[in-house]
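*Asks:* Copying in the features that TrEMBL gives for the protein in this structure:
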TRANSMEM  37-56  transmembrane segment
TRANSMEM  68-86  transmembrane segment
TRANSMEM  92-109  transmembrane segment
TRANSMEM  116-136  transmembrane segment
TRANSMEM  142-162  transmembrane segment
TRANSMEM  174-195  transmembrane segment
Amino acid sequence: MVSPVTVVKSEGPKLVPFFKATCVYFVLWLPSSSPSWVSALIKCLPIFCLWLFLLAHGLGFLLTHPSATRIFVGLVFSAIGDAFLIWQDQGYFVHGVLMFAVTHMLYASAFGMRPLGLRTGLLMVILSGLCYAFLYPNLTGAFTYLVGVYVAIIGFMGWRAMAGLQLVGAAWRWTELAAGTGALLFIVSDLTIALDKFCFPVPYSRAFIMSTYYAAQMLIALSAVESREPVEDYRLSKAK
């Protein structure tokens, strides 16, 4: 098991561009009412930096670790989704939602199905159901179904991220903690978006949504560093 101090020392410098790009976003704070390619670039820049963070571990690392590759591809779809959401008032909100749905499926695939964690899964089903039940009276048209499917997908991703999480004992791993915390923050960020769009104005929603979102993406990217399945183990598991 790698200690958190070792992780900070080895991975911290690689995340400096991400932190700088995040600061640029919050300092410039371009108005969301005036979408442009410049604002899209600034919003996506922290995610681009997370691409570089994973690539800094070497292309060979991504090629030999399927779960890390899936997280990388998930970050690519996230950036596309971010760009679509810049123009959400021009009719691209659904496009952004679809991109993030693909992202969550890729993340869930990266986290894998072992251990199964049925109790965690049941808890996520209950929480997802309660969230959808709260949102449902305010949904109309296609959103009635789209939001339901999206809630199910992100709930599934959260289950897979937290299924292997153990906070004590020899089985504790910081990667599971990073993945579980990142998934939880992603759910909180997206739930805030849904509440603000469909139910009622959330105070300081943009700041809260983006801070939890960037933190979630960073933690999920960080969880790929000590990847779960080298390619040989992956092939063996598929052969069984």
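Think of each number as a place in line: the chain as shown, counted from 1.
Cβ atoms are placed via backbone N, Cα and C, with glycine included.
Source: prediction; values computed, not measured.
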*Asks:* Near the transmembrane segment (68-86), which residues from the same chain, at least 6 beyond its ends, have a CB less than 8 A from one of its CBs?
*Replies:* 32, 35-36, 39-40, 43-44, 47-48, 50-51, 54-55, 57, 61-62, 92-93, 95-100, 102-104, 106-107, 109-110, 217, 220-221, 223-225, 227
*Asks:* Going along the chain, which residues at least six beyond the ends of the transmembrane segment (174-195) come within the CB cut-off of under 8 Å?
*Replies:* 1-2, 4, 7, 100, 104, 107, 111, 131, 135, 147, 150, 154-155, 157-158, 161-162, 164-167, 202, 205, 208-210, 212-213, 215-220, 222-226, 228
*Asks:* Mind checking which residues reach the transmembrane segment (116-136)? Cβ under 8 Å, same chain, six or more beyond either end.
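*Replies:* That would be 144, 147-148, 151-152, 154-156, 158-159, 162-165, 191, 194-195, 198-199.
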